[in-house]
Amino acid sequence: RTKRDVCELPFEEGPCFAAIRVYAYNAETGDCEQLTYGGCEGNGNRFATLEDCDNTCARY
């Protein structure tokens, strides 16, 4: 997978309950959104900052 491939993945919150605020790219809207990540598992469509999300997936 390339870095851009993660932009196509749906956000997965994972099964844990840490409630970490992260950003994920929403391919349907074409925007990065703030979401809650559980802290374990999930996939690569998860970014610590909006800037990281935008830099990876903007204009995708």
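Note that Cβ sites are derived from N, Cα and C of the backbone, with glycine treated the same way.
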Handout entry: Swiss-Prot annotation, disulfide partner among Cys16, Cys57 for Cys40
Key = Cys16
Problem - Distant-in-sequence Cβ neighbours of Cys32 (disulfide bond), under 8 Å, six or more positions away - result: Tyr23, Ala24, Tyr25, Asn26, Phe47, Leu50, Cys53, Asp54, Cys57, Ala58
Fill in the blank from the handout: The number of other Cβ atoms within 10 Å of the Cβ of Cys57 (disulfide bond), counted over all protein chains shown, is 23
Handout entry: Helix, strand and coil counts within the domain 'BPTI/Kunitz inhibitor' (7-57) (DSSP)
Key = 10 helix, 15 strand, 26 coil
